[in-house]
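If you check TrEMBL, you get these features:
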type	residues	note
BINDING	His18, His20, His198, Asp279	Zn(2+) binding site
BINDING	Asp280	substrate binding site
DOMAIN	13-334	domain 'Adenosine deaminase'
SITE	His224	site 'Important for catalytic activity'
Amino acid sequence: MMPASDTFIEALPKAELHVHLEGTLEPGLKIILARRNGHPLQDMTEDDIRASYGFHDLPSFLALYYEGVELLHTEQDFYDLCHAYLKKAASQNVLYSEMFFDPQLHTRRGIAFETVISGLNRARKDAQRDFGIRSQLVMCFIREMSAQSAEETFTQAQPYLSDIVGVGLDSDEKGNPPAKFANVFKRARDAGLHVTMHCDIDQENTHEHIRQALEDLGSERLDHGLNILEKPDLLRQARERHIPFTVCPFPNMAIRPSSNEKDIRALLDAGLTITINSDDPGYMQGVYMTEAMKMARDGAHLTPDELLTISRNAFNAAWIGEEERQTYLDRLDDFARKAGMMASAT
Ligand SMILES: [Zn+2]
């Protein structure tokens with residue numbers, strides 16, 4: 001079967017499960033925020049900002065990401081960030097998105113948890129009304145910050161737990177294993193929240209981190225997690241438990257250039273449940289969902305059937321009620337039927 005066409009990918013109904021809201025900050029919005037808050041970046045052009053981007057590993061990416069985070073101050077700033085992402089996602093036929101946010105990067109600068117979450121929630125509501133896209137929030141803990149800080153953040157989040165569907169773990173993995181956060185993840189599970197965590201590519205002790213995530217911390221998904229391919233016992237476990245993997249083609253390529261060609265095909269061949277996602281599109285040359293799927297297709301020669309499966313995996317892995325899930329799956333089936341008719345007519 002031929003690889004999927006661009007038009008097929010563009011029209012495919014999609015769900016996104018791995019996107020960091022702070023990582024969706026585009027240069028244009030950076031300048032608006034800088035003007036609003038009197039930051040020196042206001043004198044730069046979008047091209048200047050883009051030209052300063054470049055990363056080759058996790059720490060060099062995080063340095064960029066943290067710099068951008070500093071521009072977010074007010075409830076309106078968080079609203080604008082989230083609204084811009086959801087508008088873009090909806091334009092790419094993303095029907096549903098679970099979005100990571102990093103409250104500690106803001107509360108440690110003296111911004112109230114409430115300011116952050118109020119802006120994001122107002123944007124979610126407006127985007128659903130204006131563009132029809134549904135979304136939920138997944139609160140991430142910053143792994144190079146202390147376990148105590150994560151605990152305090154979870155405590156601050158208590159009044160807003162009905163607005164948060166799950167917790168995650170992101171940022172600098174080196175020396176910061178999932179086990180460091182065992183207690184706060186237990187609290188989250190006990191509170192009825194879902195659990196996921198990053199196991200980035202080629203990190204120190206990656207196999208042990210993947211093992212802890214799956215066996216000790218009750219992670220329901222793995223964000224990235226590609227090094228599982230080197231460990232048959234973990235791979236078998238992930239396959240048997242149908243653990244969804246949130247694969248992100250752009251950062252994978254930046255860190256391991258053969259990744260989309262080899263790893264995506266290897267994950268599929270191993271019978272794992274994969275999804276395709278953008279990660280931090282504001283910093284990744286405008287690679288949102290559609291572009292990420294095209295990158296995956298170009299690397300792994302994904303067929304329309306395989307992309308339908310990948311989209312179905314994402315809707316099945318979403319932390320939503322069964323009724324809502326069924327509406328998305330029906331739209332996907334409808335799309336598949338129409339795509340099949342178009343294919344046979346040409
Ligand atoms: Zn990520």
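Placed from the backbone N, Cα and C atoms, the Cβ positions cover glycine too.
Caution: TrEMBL annotation is automatic and unverified by curators.
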Collapsed DSSP category at the residue listed as 'substrate binding site': coil
Contacting recorded positions, sequence order - His224, Asp279, Asp280 vs ligand 1, Cβ under 6 Å: Asp279
Integer Cα-Cα distance in angstrom, Asp279 (Zn(2+) binding site) to His224 (site 'Important for catalytic activity'): 10
Among His18, His20, His198, the most crowded of the binding-site residues [Cβ within 10 Å]: His18
Distance check against His224 (site 'Important for catalytic activity') for the binding-site residues His18, His20, His198, Asp280, keeping those with Cα within 10 Å: His18, His198
Nearest of the binding-site residues (His18, His20, His198) to Asp280 (substrate binding site), judged by Cα-Cα distance: His20
Neighbours of His18, His20, His198, Asp279 excl. site residues, C-beta within 8 Å of centre, Zn(2+): Val19, Gly23, Phe100, Asp170, Asp223, His224, Thr246, Cys248, Pro251, Asn277, Asp280
Averaged pLDDT, computed only over the residues in the domain 'Adenosine deaminase' (13-334): 96
